[in-house]
């Protein structure tokens with residue numbers, strides 16, 4: 001969603017700066033502005049015209065398609081991609097003062113901390129090389145400041161034994177051992193770790209177009225402006241950069257700037273800010289005036305839903321869903337079958353509505369080979385878009401996987417206890433996708449006492465993100481010959497998947513009061529005499545006490 005936002009790195013320096021300097025030496029820039037991509041071809045486009053307001057009864061699937069067709073024109077010459085915009089200008093004739101002023105103002109909205117944007121000033125056209133160079137090395141300092149959040153410590157005031165046990169298991173979010181770091185470092189000797197691929201750039205631009213169309217269709221006049229949508233993508237990239245910084249790898253690796261976290265997860269701005277706080281990035285960036293993109297305090301309960309019912313779906317009535325016009329009839333059947341499998345195995349019901357009001361799931365097709373599906377984790381405001389490519393096989397299973405994300409379920413292989421069950425071959429991972437293998441922050445997700453399952457529909461396959469596709473990146477530590485083929489299955493919900501959903505949604509009043517309850521339950525604390533009373537009172541779901 002989030003997506004724009006080329007937070008540019010050394011590859012831009014290598015490719016753009018010589019080109020710009022040559023333009024200056026010749027007294028003009030080469031080429032013409034017509035090289036800009038006015039609209040990604042990878043997304044389904046609807047007919048011309050915006051259509052009406054979905055709240056007025058217009059089919060939401062039609063509306064999103066109509067808006068998507070116009071987003072490119074509304075954005076102008078790649079206006080959402082500031083650096084790409086500069087690149088296009090550098091190849092054409094010198095723009096008029098009015099045209100350059102418009103682009104310079106847009107740049108300063110995106111990067112309010114840039115030295116050329118201070119005290120009401122704007123960069124000049126001759127500043128283009130300096131602008132690019134500054135962003136390459138200091139983008140995080142130029143974006144709106146990361147807000148400092150009041151994050152509750154779930155271990156505060158607890159029994160020393162419970163605290164000590166969690167700390168003995170807890171690996172610091174994003175941390176690597178020296179051996180693991182060296183293995184990744186060695187990979188970069190033969191892998192272009194400091195260059196952004198064109199595929200990432202294209203995927204991000206396509207996703208931005210789709211997300212802008214969705215926000216406009218669902219939010220109407222209340223939809224966030226382009227800069228606000230762009231900031232989600234900037235924050236996502238900042239999280240990936242911060243993870244590499246924590247692992248002491250940021251000086252050699254440029255994370256994939258594709259707008260996506262962990263291959264198929266979209267981060268809201270609040271979720272990204274939470275992760276940045278956990279990674280020590282709170283307060284980084286520039287102050288912006290009223291209406292700026294990054295301010296405001298967000299309470300802990302507003303980010304993910306383990307400690308708050310706010311982000312959970314109300315399942316006392318069916319969850320509304322709608323199907324975009326981009327979907328073929330066979331695609332719609334796969335989605336309906338996926339929702340049916342969830343419903344027959346749990347208490348969660350779904351109801352189709354062509355003109356949904358309020359929170360709902362919105363399924364859309366994206367003609368992309370870069371991902372199978374994308375979704376937010378947990379319920380989002382005003383609705384949850386779920387993007388599916390239908391190009392990976394097991395379409396019904398992929399739809400279930402992404403719907404599970406929307407219901408609030410994280411990936412199996414990022415659990416706190418992951419390293420007890422699988423071994424990551426750090427020497428074979430794509431270093432630019434390090435976020436795919438970094439164990440989740442322990443404060444965010446709970447297992448609800450369900451055991452690690454190799455066959456979970458929420459597990460990735462053994463070869464995901466591999467440099468050498470013939471070698472696995474994830475190797476089961478228990479019976480690898482039998483369990484390796486199970487990783488990444490999308491045929492059905494497993495017993496563990498169903499049990500987790502039931503604990504999350506199907507036991508009214510049976511809640512955990514601490515995000516670590518699932519971990520304690522799996523290690524027998526529900527039945528230990530010294531901890532039994534506290535566990536049974538505070539970890540009812542994980543201890544199966546209701």
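The count begins at 1 with the first shown residue.
Glycine residues also receive a Cβ, built from the backbone N, Cα and C atoms like all the rest.
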Scan 248, 353 for the residue that Swiss-Prot records as N-linked glycosylation site. 248
Within 10 Å of residue 539 (disulfide bond) (Cα to Cα), which of the recorded positions 248, 347, 372, 411, 526 do you find? 526
DSSP says residue 248 (N-linked glycosylation site), in three-state terms, is coil
Hey, does DSSP put residue 506 (disulfide bond) in a helix, a strand, or just coil? coil
Compare the C-alpha of residue 411 (Zn(2+) binding site) with the C-alpha of each of the disulfide-bonded residues 510, 517, 526, and give the closest one. 517
Taking the Cα atoms as reference points, how far is residue 401 (Zn(2+) binding site) from residue 546 (disulfide bond) in Å? 27
If you compare CA-to-CA distances from residue 510 (disulfide bond) to each of the recorded positions 347, 372, 402, 517, 543, which comes out shortest? 543
DSSP says residue 543 (disulfide bond), in three-state terms, is coil
